[in-house]
């Protein structure tokens with residue numbers, strides 16, 4: 001029997017009548033029920049929680065929720081007996097969240113606090129009634145962990161946005177800035193960036209959107225005009241070089257013609273001096 005069949009046979013435990021004392025859980029209980037969820041992954045799915053991405057772990061937790069709420073799990077998951085109490089530190093502390101590749105002592109305390117509120121523990125039984133009466137409010141530690149995960153996601157989004165903005169700025173500079181090379185290219189790019197940002201003012205002053213957009217448009221227009229001016233100057237210099245080359249070639253050709261004519265004249269004079277006139281046809 002292959003692994004897939006083994007997983008199916010394990011996960012399809014016979015449904016039993018649900019104990020009324022078993023609380024119904026949702027995705028909001030992801031942290032609170034982390035310990036039984038990890039054990040379920042290992043024993044029923046042969047997977048390790050710390051090797052999963054957060055997104056994949058959430059999907060598996062959805063399956064765990066359905067099995068839990070339908071009463072299809074083994075009793076040890078509900079009562080937190082046996083192996084659930086003997087989970088190794090690697091199982092209960094390692095998590096592939098973006099903010100916790102390694103758990104420090106402070107984070108360990110947070111995980112332990114959540115673990116103590118897992119189903120079947122004394123603390124969970126003592127606080128169960130009050131939690132249900134207050135609308136199943138998550139614990140302070142659960143909220144804190146959730147907030148940390150959300151902050152990490154926001155930080156990653158801001159980092160990606162900054163990277164995209166920088167790439168767009170580079171593309172714009174390559175489009176409108178002069179195309180020098182070497183040191184001139186660096187200086188030109190610095191000047192272009194300075195022009196793009198010269199309209200930035202103190203954050204303590206309210207600047208109308210019209211002024212900000214006008215400054216940006218003026219900067220882009222100035223850069224484009226500078227680029228066009230340099231292009232015209234380059235073309236004029238090229239034309240001047242081409243014209244000078246043509247003039248030089250014409251002068252060289254004229255000089256060669258003059259030299260040839262002078263040589264022919266000298267030869268004719270020499271022939272006359274020797275009495276050799278032009279050959280006449282016989283009479």
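The backbone N, Cα and C atoms fix where each Cβ goes, glycine too.
TrEMBL: automatically predicted annotations, no manual curation.
Of the given residue ranges 1-25, 26-50, TrEMBL assigns the label region 'Disordered' to 1-25.
Secondary structure counts, DSSP: the compositional bias 'Basic and acidic residues' (134-155) has 16 helix, 0 strand, 6 coil.
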